[in-house]
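A quick write-up on the structure given underneath.
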Amino acid sequence: MSFQVFGIAVSRGVAIGRAVLVASSRVDVAHYFVAVDQLQAEFDRLLRARDAVALELETLKAELPEDAPHELAALLDVHLMLLHDEAFTGGAGQWIFERHYNAEWALSAQLEVLARQFDEMEDDYLRERKADLEQVVERVLGALAQALGDAPAPITPRDFAGEDPLLLVAADIAPADMIQFKRSVFRGFITDIGGKTSHTAIVARSMDIPAVVGTREASRLIMQDDWVIIDGDAGTVIVNPSPIVLEEYRFRQRQSELERARLARLRHTPAVTLDGEQIELHANIEMPADAEAAVTAGATGVGLFRSEFLFMNREGELPSEDEQFAAYKAAVEAMRGMPVTIRTVDVGADKPLDRLTVNELRHEHVLNPAMGLRAIRWSLAEPSMFRQQLRAIYRASAFGKVRLLIPMVAHLSEVRQILETVKKVQQQLTDAGHAYTRVELGVMIEIPAAAVMLPLLLRHVDFVSIGTNDLIQYTLAIDRADEAVAHLYDPWHPAVLQLIHQSIAQARAAGKGVSVCGEMAGDPDFTELLLAMGLRSFSMHPSQIPAVKQRVLRADSLRLAAALTRVLESEDPRGTAERELASARTGTAVH
Ligand code: PEP
Ligand code: MG
């Protein structure tokens, strides 16, 4: 039966493929394909892990003390029975032999199938056995992890011709897990949870693959292996489409690929408006390896390196100064002399460090993470870690143009502490004989307080970067990751537009650099408005650079600026912008 699920469009384009349901708790399980001649060996690896767990359970059972409650032995029997059930390894084996999944993936795929069968059982006792099944799977995954050395080499999707494209469906995916899906086998994402600028959505956009979030129940309604279309522009998911609908979307998919190829030709064209204003189009990156895509897309620098992604998936150990230095240096060298703006770690809110690390740092009881010990607050609360990061950033400055960006600043006292720490760090580096050059210091404008008091902040910094994702969240009191209030998350809200406009105007009046690095900068719907406000530096995912550049090439900044007041004073800024700013747009950029 064909049906649709509606969500929030977060990453454009159309993806067509088979659904792979992954339980949120198992999103971090490795997903890769195994070469055909290794399939039997992979199945054997699974059987060995199963046998190791069976032995462990048998031993546990044999060693139960005489007076142990008899439920314990019964429970171990249930686990052993599940483990030896044909539906367990046999089912997982099918995923290996037919789909070429690695053992961990095959096991979690089979768990999804069996868990649904348990959910549908009438009998309460049997239904509750799902928890036992999950525990058994957890044990086998643990055994597989212990024997990781035996795992086959993953083959990349490109080498694998026989498989339909795969689309990931999960209740939720944490940003830290998303990062592992970069260059993964999945061609699209669907989640129940999330908003347009949640970090999961941001990473999906950076991967340039279609995604829909905030569907609320896609992971319950979609079945393993269903045919699914993701319409990343409309925010809809079509499950088991009819042949006619499928054909229509295949056509749209081809059209959007052609459009991308057409836009890619703008790569070497300088971003200059019709009236000769030169515009910087910088890239947002999460890892040093992303710098290559930034150069390929024609970025003229990195406007936001979200360094916190280096701090995730660490299982307790944060990156050392040397490890950070190597990462920053790699990004700087990859940008070949173009500026690289490194933001100090912005953990907290929807980008938590993993549990172990957080516990170790004793910050585990977070009541309201978006308003808690996040970003610069966290860095100032962990001064030795902050100094370590600053040292690594300054050391990278010896290899290219580095700029330092501080997230979530709201107080002058924070800026003073940052400046003092920078001084201390410079002295430490000099004493240790490390080379560094001048690093411009910037703060992010993400909290309304910072925008309102900007003239004071500007006295102490070289540049500012407007983080519209958080600025909208904090101005409108809307959790950016919460789909329940996503309809109220409105970049067109007059208060948001006023704060952005004022910030750009004040920074320019003070002769300081100003850019926008939130998602608005990469959305072509806002290019003209931001140009009209006087913005000359945009930072976005590399994949969005061509579409924004096309808008820049067609824009006349003087005509746009003349229309700005009418937009800002309008009760319907979006409608007014569409009318007023579109009439100031001329010409066709791509020939
Ligand atoms: C922002 O808030 O706009 C921003 C760029 O930072 P992040 O999305 O990483 O919070
Ligand atoms: Mg932010």
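Numbering starts at 1 and runs along the chain as it is shown here.
Glycine residues also receive a Cβ, built from the backbone N, Cα and C atoms like all the rest.
Where the annotation comes from TrEMBL, it is an automatic prediction and has not been curated.
When TrEMBL records Arg306, Asn469, Asp470, Arg480 as binding phosphoenolpyruvate, the matching candidate from Arg265, Arg267, Arg343, Arg438 it lists for that site is Arg343. Checked against TrEMBL, the range among 36-63, 64-91, 148-175, 540-567 recorded as coiled coil is 36-63. Within the chain, the compositional bias 'Basic and acidic residues' (571-582) has long-range Cβ neighbours (under 8 A, six or more residues past its boundaries) at 492, 494, 497, 528-529, 532, 560, 563. Within 10 Å of the Cβ of Arg343 (phosphoenolpyruvate binding site) there are 26 other Cβ atoms, across all protein chains.
When the Cα of Asp470 (phosphoenolpyruvate binding site) is compared against those of the recorded positions His199, Glu446, Cys517, the shortest separation belongs to Glu446. Checked against ligand 2, the recorded positions His199, Arg306, Asp470, Arg480, Cys517 give Asp470 as the ones with a Cβ under 6 Å from it, listed in sequence order. Proximity note: of the listed recorded positions (His199, Glu446, Cys517), His199 have a CA within 10 Å of the CA of Arg480 (phosphoenolpyruvate binding site), given in sequence order. Asp470 (phosphoenolpyruvate binding site): 23 other CB atoms within 10 A of its CB, across all protein chains.
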